[in-house]
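What Swiss-Prot says about this protein:
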type	residues	note
DOMAIN	55-366	domain 'IF rod'
REGION	1-55	region 'Head'
REGION	56-90	region 'Coil 1A'
REGION	91-101	region 'Linker 1'
REGION	102-202	region 'Coil 1B'
REGION	203-218	region 'Linker 12'
REGION	219-362	region 'Coil 2'
REGION	363-407	region 'Tail'
SITE	GLY304	site 'Stutter'
Amino acid sequence: MPSVCMPTTYRPASCLSKTYLSSSCQPSNRRPTGCISSSMGTYGLFCEGAFNGNEKETMQVLNDRLANYLEKVRQLEKENAELEGKIQDVYQGQVLTMCPDYQSYFQTIEELQQKVLCTKAENARMIVHIDNAKLAADDFRTKYETELALRQLVEADTNGLRRILDELTLNKADLEAQVESLKEELLCLKRNHEEEVGVLRQQLGDRLNIEVDAAPPVDLTRMLEEMRCQYETMVETNHRDVEEWFNMQMEELNKQVATSSEQLQSYQSDIIDLRRTVNTLEIELQAQHSLRDSLENTLGETEGRFTSQLSQMQCMITNVESQLSDIRCDLERQNQEYKVLLDVKARLECEIDTYRGLLESEDSKLPCNPCSTPSCQPCAPSPGVSRTVCVPHTVCVPCSPCLQTRY
């Protein structure tokens, strides 16, 4: 019966190849003869029932390669676990380092915002107070101007009354001069009358009294006396009326002057008080202006400081986000590498299972008598193989327990 060859394909693990069986290889009743290539990464043919020294070395190399693959898989799994642990530690450390507690900063910002709001409210209250003070100052200024106008009117009235008083004084002096002249004239008339009476008495002397039945003579003395009494009464009445009128006018003027003086003093005291109030309000206004300027400066400094702090925090957040993106990229890359390694592991396990199945199937087909195999016929060419390789006629095939001890 012709011998049937079983071609096998083997490639390095880096190429992620699989071992497969050709469809032309069929099981045989004879002891198999095989052709195995000793070069790595090329096609090898394993024929049933044929083993030589090169084949043993090849099996040893395959065993070593499988052991190296398994060791490499375990090492890669170990390194992968270590890398995952390191990544987790670094991620947790960076999260703890790059995400500090900003609650204190937020609390400080809220407190400063409350202070700013309170300061704004205080500024508004101060502005309202200043406006009220300005309105009060305007009212006081209006009152002052009104009182000043009244004072000027009162002073004008007082000056007019003083002119009237001067005129009355002049009229009084004229009337007194007239009274004196009338008194002198009356005295002159009296002296003249007495002189005339004396002259008439001297002229009559011892003359006889001739009584004539006629109308009674006019008593000039009595008439003059009556006229004098009338004039004196008129003069006294006029003098008394003038004095009363003058006294009344003087009393009224004195009252007006006293009232005006009191009002003037009260106005002067009010003006002094208003000036003091205006000075106090101006001082308070300047103090409020300085306080407002200082508060505005403090507010500007606070806003600038917190703006810089917020910009720094924003830069920190940007850096943290960039680091997180880098970490995510690293994690994705390592995840891809891990998936590739898992794929390599799965392929290696599949390849190992294939080798194990091949070895077990060959072990079940090979007999335990090592040197009882006759010479085999030349191998027929198989599909998919470019050339036919023949093995020697006498081959010593190891038994199944020997192969199992190797693997």
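Placed from the backbone N, Cα and C atoms, the Cβ positions cover glycine too.
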Secondary structure content of the region 'Coil 1B' (102-202), with strand meaning DSSP E or B: 100 helix, 0 strand, 1 coil
Assigned conformation of GLY304 (site 'Stutter') - DSSP reduced to three states: helix
Per-residue pLDDT averaged over the region 'Coil 1B' (102-202), given as an integer: 87
Tally of DSSP helical, extended and coil residues in the region 'Coil 1A' (56-90): 35 helix, 0 strand, 0 coil
